[in-house]
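Below is one structure, written out as structure tokens, with a few remarks after it.
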Amino acid sequence: MRLRFSVPLFFFGCVFVHGVFAGPFPPPGMSLPEYWGEEHVWWDGRAAFHGEVVRPACTLAMEDAWQIIDMGETPVRDLQNGFSGPERKFSLRLRNCEFNSQGGNLFSDSRIRVTFDGVRGETPDKFNLSGQAKGINLQIADVRGNIARAGKVMPAIPLTGNEEALDYTLRIVRNGKKLEAGNYFAVLGFRVDYE
């Protein structure tokens with residue numbers, strides 16, 4: 001059985017800028033240049049400005065916009081003798097993160113949540129695989145053992161600095177149906193939300 005898994009990863013985010021200032025003109029204590037003179041200035045207009053200083057979102061550092069994770073070849077007999085087959089690790093690397101800091105490099109109140117999107121498998125904790133292979137699904141787990149569910153937000157991950165590696169394990173698991181040899185693939189997306 002030849003196993004191949006493709007994961008195109010999509011990153012969504014936005015940066016928002018907004019602020020407020022609307023003081024008198026000229027500000028108290030400031031005089032206009034002498035050559036302006038009151039007779040040359042019309043004082044019947046007003047401009048209001050507003051803005052906000054925000055922390056920008058992290059940037060996603062990937063070698064390629066489409067990560068392809070090769071699960072290798074697995075004999076059917078290996079899957080018949082257990083619940084799961086091969087595992088592969090992959091990471092989502094975030095860089096240039098600017099979050100609330102309480103000194104040093106400790107970013108104590110900034111967290112992110114990741115959501116994986118794809119076609120649900122036979123149970124909510126599995127993703128469907130396409131192709132000729134039958135009887136298997138894909139499962140994603142984070143480093144704490146939390147299992148991803150299609151379209152459901154995973155537990156929050158605290159950020160510890162301006163560069164983060166979000167590590168996950170992909171594994172092929174049985175889905176209760178009859179095993180059949182063949183190729184398989186899946187296309188999954190993900191979303192990162194900041195708190």
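Every residue gets a Cβ built from N, Cα and C, even glycine.
Small disclaimer: the values here were computed from a predicted structure and weren't measured.
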- Candidate in Cys14, Cys97 joined to Cys58 through a disulfide, as Swiss-Prot lists it: Cys97
- Query: Pick from Cys58, Cys97: which of these disulfide-bonded residues has the biggest number of other Cβ atoms within 10 Å of its Cβ?
  - Reply: Cys58
